[in-house]
Amino acid sequence: MSRRVVRQSKFRHVFGQAAKADQSYEDIRVSKVTWDSSFCAVNPKFLAIIVEAGGGGAFIVLPLAKTGRVDKNYPLVTGHTAPVLDIDWCPHNDNVIASASDDTTVMVWQIPDYTPMRNITEPIITLEGHSKRVGILCWHPTARNVLLSAGGDNVIIIWNVGTGEVLLSLDDMHPDVIHSVCWNSNGSLLATTCKDKTLRIIDPRKGQVVAERARPHEGARPLRAVFTADGKLLSTGFSRMSERQLALWDPNNFEEPVALQEMDTSNGVLLPFYDPDSSIVYLCGKGDSSIRYFEITDEPPFVHYLNTFSSKEPQRGMGFMPKRGLEVNKCEIARFYKLHERKCEPIIMTVPRKSDLFQDDLYPDTPGPEPALEADEWLSGQDAEPVLISLRDGYIPPKHRELRVTKRNILDVRPPSGPRRSQSASDAPLSQHTLETLLEEIKALREQVQAQEQRITALENMLCELVDGTD
């Protein structure tokens, strides 16, 4: 009798678990816009969710610790004149987020560490260059202040957010609507999928399509694609019989997929979330109530099904926490933020281990918040791998990083070169926008203090009356 050999993998027993009820975020009116983006973005400090808003587009930003019921008057980020379609946190500054909207603009926002008193309405910068709705945003993984946007005008624009300049415009590569865009690990190439059912690999600085594959999936529904750590591509799509598929491709040989997994028959587009540290891809379908996950390896069959996390409620969207935001002492290897109709629920993926010591094999060094390049260095042709950090002692997010406002680069947070000089608050450069914000906050706090003083006086008077009455 031949014995079946079980594949050895430290991720074979990864299991998902929904957080307890008091760890969810309740009473959030999640956007009902029909758009295949994740509607949620998260980093080690904040959770951002696109919400329903009358007379324009808005999203809410909550500190991660602010779980429980969200006040219906909680301040929003409002500035777009039409629904917000996508949001993305800057990987190099946890207080900076970009939003894309049906109003054809991209806005970049500075989020304060404190809870603002009123809606945030003034972006740091508004990027105008698209002629139709902007539905996709993606920050460059290694270059400071480089942001990609893709619109319904079939154009990809790469911006230097620090100056508001268009670095590159790729306007003749896609004959139809772009469904997804993804950078590779060092930001030298893009993978795009399009309504014309073609998967393309593009060198944006040369303005060339390096490789392409027509109809990687035979079905008519939208495709998605992400790069793996070693430069291969994972795509999700549909077969001719509407079965959902996951395929692994080698860009050097686009004839046949390296591996192809067929799943179920469903309408929901599968959003792939890839973790390069563990080489696990998580597939979340909009409208599904499950997350399937697969390990990608160098050995046949290359794509190994691990498990499925199932729940009762369908998901409206999904946020994916960067590795530096996870709890390493609990062997947590991924955390999702699942959007329901009126709440957001964390889902934690864990490798079962008995020891509570740091597990080196689960947590290799991972990309940190420091950029490896400046925008102009990247544009000139330089490439650099992400600057890695160790998670051995956990990750502590840096305090609020105020933007140094200069005409050259309004998002520059790197200290000036040359001898270091201590800079007091009085000689730090402040923009007009920052001054106005500070003055508004001071005014609001003074009004609060005044109201509190009046309340204290009223209570003291009541107390005096009570004392006099008892005498």
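Every residue, even glycine, has its Cβ placed from backbone N, Cα and C.
Caution: TrEMBL annotation is automatic and unverified by curators.
Feature annotations, reproduced from TrEMBL:
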- 435-462: coiled coil (COILED)
- 420-431: compositional bias 'Polar residues' (COMPBIAS)
- 4-68: domain 'DUF1899' (DOMAIN)
- 410-431: region 'Disordered' (REGION)
- 77-119: repeat 'WD' (REPEAT)
- 127-169: repeat 'WD' (REPEAT)
- 171-212: repeat 'WD' (REPEAT)
> Excluding the flanking five residues on each side, which residues at least 6 beyond the ends of the repeat 'WD' (127-169) place their CB within less than 8 Å of a CB in that stretch?
Replying inline: 35, 37, 82, 85-92, 98-108, 175-178, 180-183, 185-187, 190, 192, 194, 204-205, 207, 367, 371-379, 383-387, 407-412, 414
> Looking only at the repeat 'WD' (77-119), what are its DSSP counts of helix, strand and coil residues?
Replying inline: 0 helix, 22 strand, 21 coil
>> Looking at the repeat 'WD' (127-169) alone, can you tell me the average pLDDT?
In response: 96
